[in-house]
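Reviewing the structure listed below.
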Amino acid sequence: MEQSEELRRLALAGLHYFQTYDWFMLMTTITLGYIGWMVNLIIHVLQSYTSYPVILLKRAQLYPNNTSMKVYICGCFFMGLSSILLLLEKSPLLYHAYVLCTIFLWTRIVQKIDFLKSVWRELANMPFKYIFNLLTSSVVALLVLEFLVMSFFDRKIYTWCFLVLGILGSTYVALFIQASAALAIYIWLACWFLSVFTLMPAEIPENNNLVIFSGGLIILIGLASRWIKSNSSSFWLYLTRANKRDPQSFKLYFVQVILVAISSIMVWLSTSHRSQNRELLSLHQFINWSVAGVAMVLPLFSPPSVLSRLTSIFLGFAPPFLLLSIGYEAVFYSAFAMVLIGWIFVESANLYCSEESGSARRRSLADNSVFGYEERHLRLSDLRIPLLFVILFNVAFFGTGNFASIASFEISSVYRFITVFSPFLMAGLLIFKLFIPFMLVICTFSAITKVVRIPRLGCYFLVILLSDVMTIHFFFLVRNTGSWMEIGNSISHFGIVSAQVVFVLLLFALTNIYTRDILVSSRQLTARKVM
């Protein structure tokens, strides 16, 4: 028995040695590759979307590229040397790819070393207040990202997050923006309402009364948005077009409300038939498909003002989400939309107050712009937008469970569209349902970048940067010991965050259909309407 135990111990030790033989080299190479990729992103954002190139040009701190050829020759030399060493070691082809990509990224960084030195000299001449704000923003961003990493293991963390965010957000609106008290109360209620859902079980119990209630709540939110549009105060005139009143917009809004009401009725009818062991009628199936399809097309015909378009998108995706819902996740849709609308209200009010504070702000908007009137350079304070996007994107993922819930779905969630067992179509419908909250976040994010006039692509690069920080953390959490569930979860977490970059890019392209023609009221139009 003792010899058997010793044999088992030696076998496990040998297996562990075999698995981890190249780990130090691989983990070092991959980590350096991620860091190199992040530094390249920072350099690209600084060069293309900030005012640093303009400042360096004015101060004649040009960064020459005389050493570019030498740097690339050295990079090619190290690539060749590393390939020879890996060939001698008979390493797999993936090892070559890891090493070559890492050397290439760091070669690009060394090639930009003169620009980095110029930026460093510029930072050294900055006042202490700016350096303090830079360090504070970096620390806060890292803490938030670590919090998001923890949320992968306990989604209830988001409850405390939004309880605190509701208090801080409403206090900021009341004290610093000095907007209406109604906006501060709205932010507080919306955040606290959303905080409830991450306390709910990941496996959603069936409760169609909540789905029908959510349909009524969605209509009320749409009515409130319509009322705000017609009775807008100066704080969010950027969200409405002061120079255009489209008589067709009310008809479109009325049709969308009717479709939400029909979808709520069809939820009740379809569930009643199933509870009586009756087959779904072909007429009901046709109505469900028609309502879901038409509802998603109607936002394309809505007025291009920010509030009108976002409200139309919110109402447009509500019918398919309701028809695919079985319980509290339908109410989550309403709460999530309330928080997104509150986010864009706060950004609009903050922009109005900052521009009211003095004409120097407006002059800098024109002087620092390289994209025309519509866009300006990125500033340090703009980091809040991609950071909030990453938070809300993860809330959309964990708000009603996660992708693992597909494995234990309730058949009634797709019964309203299909009655014959079809695993691929059923899985497609469920995945589409999970995508809808993500699309709401990205549409709101795109609208906010237009309201505050910052380049959306630059913010997307910052989103990639923040996601890569989380990816590195999850990379070091990957396990090869423990239960299959523990090993699988550690790998899936790393894979999910790694794929998030490509996933967000695809959704950006898809939602661009809805947001590409959004128009923001100019300062002149806003002033004219106030007068």
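Note that Cβ sites are derived from N, Cα and C of the backbone, with glycine treated the same way.
Remember, TrEMBL labels are computer predictions, not curated facts.
Looking just at the domain 'GPI ethanolamine phosphate transferase 1 C-terminal' (14-483), the mean pLDDT is 82. Annotation comment: TrEMBL describes 14-483 as domain 'GPI ethanolamine phosphate transferase 1 C-terminal'.
Counting same-chain residues at least six beyond the ends of the transmembrane segment (23-46), those with a Cβ under 8 angstroms from any Cβ of the stretch are 52-53, 95, 98-99, 101-102, 105-106, 108-109, 112, 115-116, 119, 378, 458, 461-462, 464-465, 468-469, 471-472, 475-476. TrEMBL lists 23-46 (among others) with the feature transmembrane segment.
If one looks beyond the transmembrane segment (67-87) by at least 6 residues along the same chain, the residues whose Cβ comes under 8 Å of a Cβ in the stretch are 95-96, 99-100, 103-104, 106-107, 110-111, 114. Per TrEMBL, transmembrane segment is recorded for 67-87 (among others).
If one looks beyond the transmembrane segment (93-110) by at least 6 residues along the same chain, the residues whose Cβ comes under 8 Å of a Cβ in the stretch are 22, 26, 29-30, 32-33, 36-37, 39-40, 43, 71-72, 74-75, 78-79, 82-83, 86, 116. Here TrEMBL flags 93-110 (among others) as transmembrane segment.
The annotation transmembrane segment is assigned in TrEMBL to 130-151 (among others).
Sequence-remote contacts of a segment are chain residues at least 6 beyond its ends whose Cβ falls under 8 Å from one of its Cβ atoms, and for the transmembrane segment (184-204) they are 155-163, 165-167, 169-171, 173-174, 326-329, 331-332, 335-336, 338-339, 341-342, 345-346, 395, 398-402, 404-405, 408, 410. Taken from TrEMBL, the feature transmembrane segment applies to 184-204 (among others).
Proximity of distant same-chain residues to the transmembrane segment (250-269), defined by a Cβ-Cβ separation under 8 Å and at least 6 residues beyond the stretch ends, is recorded for 208, 211-212, 214-216, 218-219, 222, 226, 284, 287-288, 291-292, 294-295, 298, 301-302, 311-312, 315-316, 318-320, 322-323, 325, 416. Residues or ranges marked as transmembrane segment in TrEMBL: 250-269 (among others).
The transmembrane segment annotation in TrEMBL covers 281-301 (among others).
For 306-326 (among others), the entry in TrEMBL reads transmembrane segment. Long-range contacts of the transmembrane segment (306-326) within the same chain: residues 204, 206-208, 211, 214-215, 218, 221-222, 225-226, 228-229, 232, 236, 238-240, 249, 252-253, 256-257, 259-260, 262-264, 266-267, 288, 291-292, 295-299, 333, 337, 340-341, 344, 348, 410, 412-414, 416-417, 429-430, 432-433, 436, 439-440, 443-444, 447, 450-451, 514-515, 518-520, each at least 6 residues beyond the stretch ends and with a Cβ under 8 Å from a Cβ of the stretch.
Positions annotated as transmembrane segment by TrEMBL: 332-353 (among others). Residues 162, 169, 172-173, 177-179, 183, 186-187, 189-191, 193-194, 196-197, 214, 217-218, 221, 225, 234-239, 306-307, 310-311, 314, 318, 321-322, 325, 385, 388, 392, 395-396, 399-400, 436-437, 440-441, 444, 447-448, 451-452, 526 of the same chain lie 6+ residues outside the transmembrane segment (332-353) yet bring a C-beta within less than 8 angstroms of a C-beta in it.
Annotation comment: TrEMBL describes 424-445 (among others) as transmembrane segment. Beyond the ends of the transmembrane segment (424-445), by six or more residues, the same chain brings 310, 313-314, 317, 320-321, 324-325, 332-333, 336-337, 340-341, 343-344, 385, 389, 392-393, 396-397, 399, 403, 406, 409, 413-414, 417-418, 456, 459, 504, 507-508, 510-511, 514-515 to within a C-beta distance below 8 angstroms of the stretch.
Within the chain carrying the transmembrane segment (457-478), a Cβ under 8 angstroms from the stretch's Cβ atoms is held by residues 27, 30-31, 34-35, 37-38, 41-42, 44-45, 48-49, 141-142, 145-146, 148-149, 152, 378, 382-383, 385-387, 389-390, 445, 449, 490-491, 493-494, 497-498, 500-501, 504-505, 508, all 6 or more beyond its ends. Per TrEMBL, the feature transmembrane segment maps to 457-478 (among others).
According to TrEMBL, the transmembrane segment annotation covers 490-514 (among others).
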